[in-house]
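Enquirer: Annotation comment: Swiss-Prot describes S40 as active site, nucleophile, evidence class sequence analysis. Residues annotated as active site, charge relay system in Swiss-Prot: D326, H329. The disulfide bond feature in Swiss-Prot is assigned to C44-C65, C113-C162, C197-C276, C205-C249, C307-C312, C347-C371; the stated evidence is sequence analysis. If you look up Swiss-Prot, you'll see N54, N89, N153, N236, N301, N316, N358, N417 marked as N-linked glycosylation site. What Swiss-Prot lists as region 'Esterase domain 1' is 7-127. According to Swiss-Prot, the region 'Esterase domain 2' annotation covers 267-379, on the basis of sequence analysis. Among the features that Swiss-Prot reports, topological domain 'Virion surface' is placed at 17-392, with the record citing sequence analysis. What Swiss-Prot records for 414-424 is topological domain 'Intravirion', and it gives sequence analysis as the kind of evidence. Annotation comment: Swiss-Prot describes 393-413 as transmembrane segment, evidence class sequence analysis.
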Amino acid sequence: MFLLPRFVLVSCIIGSLGFDNPPTNVVSHLNGDWFLFGDSRSDCNHVVTTNPRNYSYMDLNPALCGSGKISAKAGNSIFRSFHFTDFYNYTGEGQQIIFYEGVNFTPYHAFKCITSGSNDIWMQNKGLFYTQVYKNMAVYRSLTFVNVPYVYNGSAQSTALCKSGSLVLNNPAYIAREANFGDYYYKVEADFYLSGCDEYIVPLCIFNGKFLSNTKYYDDSQYYFNKDTGVIYGLNSTETITTGFDFNCHYLVLPSGNYLAISNELLLTVPTKAICLNKRKDFTPVQVVDSRWNNARQSDNMTAVACQPPYCYFRNSTTNYVGVYDINHGDAGFTSILSGLLYDSPCFSQQGVFRYDNVSSVWPLYPYGRCPTAADINTPDVPICVYDPLPIILLGILLGVAVIIIVVLLLYFMVDNGTRLHDA
């Protein structure tokens, strides 16, 4: 009987040490309340339309195609749709949000606004944009696009100043110079309106450098003024460079209201599209899967830069993207990462997704959900353990101390009895 508690304790410890519950490199969900934003690698409609039944084109398991939990468009991305005429209305809602897109705007596309511009600035813009998207989708359920109506009282129209290859910027819109202005040293305004959403992500952009036109250099200056609250948001050019600069964007999170766009120099810019954020939720980190090309094309790491704990978990493959349909579609590593969407998981962390909530040899960093902090094992050969690790250790120490005390007492009484017998 004395040995039974120690046997149970030892069995529990052995069972706990023998149970393997490592974090897995997948994206998953706690329950059915989830949504995925993607591109061709998760665009079921694209596969059905152009490659019937050839689902090797995707990294997504085709069993998820009828789930109604995916908004994806081949050849597009949320960033691309936000800024350019090549538009797809990404729309979705869920408690747990997953992103697997972004590859359709990379250094491979080499976009820059002007011939002497810089694609590096646009990669910086991409990182800043996705930072706002990821942070806000950790606290909002719903994402979609909305048009932003504006009123400009002049006669000039918007102009396609910023374009490269097939990409033409239309958000923000550039209002051309009025015919009666001899240069770009003028102030001009336009009203725009935000309504129908809880909050909005809108661009505020300037050329951060000396912009040359007809032998004159100009410093860009743009402001948005909230006429309801009196709050003003603004950017002024601070760089003195004349080449190698481009369109620097900040991404503001604004409430509904009436706004005034103001330009003090160069061309007026006005937002035409916004990310519509709706339905506040309890904080739930988003999950982002790296979106990159095969190494034959140049990619960037901007989604990784944007995805930081505690609001975001980033998942990536350790090998080059090598597809089975073509080199850029149907990679085994990324298919494995997305396979976690086929089942529920209790715990998410920076290291990965835990399949069980009982015990693990890896302590979860930035945990979310029901994460493994105690043993709870029930196998045919091992009794159920209901101890946290610390009490188990303390109990072992106490048992050891008790054994030592018992041995000391036994020796004491044996010596004492021997002395009494000798005296008798």
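Any Cβ shown, glycine's included, is placed from N, Cα and C.
Surface or core, plus neighbours and distances: that's what I need for these features.
Expert: Classification of S40 (active site, nucleophile) by DSSP places it within a helix.
Sequence-distant contacts of D326 (active site, charge relay system), defined by Cβ-Cβ distance under 8 angstroms and a gap of at least six in the same chain, do not exist.
The Cβ of H329 (active site, charge relay system) has 20 other Cβ atoms within 10 Å, all protein chains considered. Mapped onto three states, the DSSP output places H329 (active site, charge relay system) in strand.
Cβ environment of C65 (disulfide bond): C44 lie under 8 Å away, each six or more residues apart in the same chain.
Around C162 (disulfide bond), the same-chain residues at least 6 positions away in sequence with a Cβ under 8 Å from its Cβ are C113, I114, V168, L169, Y174, F247.
For C197 (disulfide bond), the same-chain residues lying six or more positions away in sequence with a CB closer than 8 A to its CB are V146, S256, A274, C276, L277, N278.
DSSP gives C205 (disulfide bond) a strand state.
Remark: C307 (disulfide bond) has Y130, Y134, V286, V288, Y313, F314 as non-local neighbours, by Cβ distance under 8 Å and separation of at least 6 in sequence. Mapped onto three states, the DSSP output places C307 (disulfide bond) in coil.
Listed in sequence order, P346, C347, S349, F354, D357, P364 are the same-chain residues six or more apart from C371 (disulfide bond) with CB atoms under 8 A from its CB.
Less than 8 angstroms from the CB of N54 (N-linked glycosylation site) sit V47, Y325, each of them six or more residues away in the same chain. Look at N54 (N-linked glycosylation site): DSSP puts it in coil.
In the three-state DSSP classification, N89 (N-linked glycosylation site) falls within coil. Non-local contacts of N89 (N-linked glycosylation site) by the CB criterion (under 8 A, 6+ apart in sequence, same chain) comprise S81, T144, F145.
With a cut-off of 8 Å between CB atoms and residues at least 6 apart in sequence, the same chain places A190 near N153 (N-linked glycosylation site), listed in sequence order.
For N236 (N-linked glycosylation site), the same-chain residues lying six or more positions away in sequence with a CB closer than 8 A to its CB are I206, D219, D220, S221.
A 10 Å cutoff on Cβ-Cβ distances gives N301 (N-linked glycosylation site) a total of 13 other Cβ atoms nearby, all chains included.
Counting every protein chain shown, the Cβ of N316 (N-linked glycosylation site) has 17 other Cβ atoms within 10 Å.
According to DSSP, N358 (N-linked glycosylation site) is assigned to coil rather than to any helix or strand.
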Enquirer: Looking at the recorded positions S40, C205, C249, N301, which has the shortest Cα distance to N358 (N-linked glycosylation site)?
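Expert: So, spelling it out, the nearest of the recorded positions is N301.
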Enquirer: Based on Cα coordinates, which of the following recorded positions are within 10 Å of S40 (active site, nucleophile): C249, C312, N316, H329?
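Expert: Hits: H329.
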Enquirer: Return the count of C-beta atoms lying within 10 angstroms of the C-beta of C312 (disulfide bond), excluding that atom itself.
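Expert: Result for C312 (disulfide bond): 25 neighbouring Cβ atoms inside 10 Å.
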Enquirer: Counting across all protein chains present, how many other Cβ atoms fall within 10 Å of the Cβ of S40 (active site, nucleophile)?
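Expert: A 10 Å sphere around the Cβ of S40 (active site, nucleophile) contains 21 other Cβ atoms.
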Enquirer: Would you mind reading off the Cα separation of C249 (disulfide bond) from H329 (active site, charge relay system), to the nearest angstrom?
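Expert: Spelling it out, the Cα of C249 (disulfide bond) and the Cα of H329 (active site, charge relay system) are 31 Å apart.
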Enquirer: Spatially, which candidate from the recorded positions C205, N301, H329 is nearest to N316 (N-linked glycosylation site), comparing Cα atoms?
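Expert: Closest candidate to N316 (N-linked glycosylation site), judged by Cα separation, is N301.
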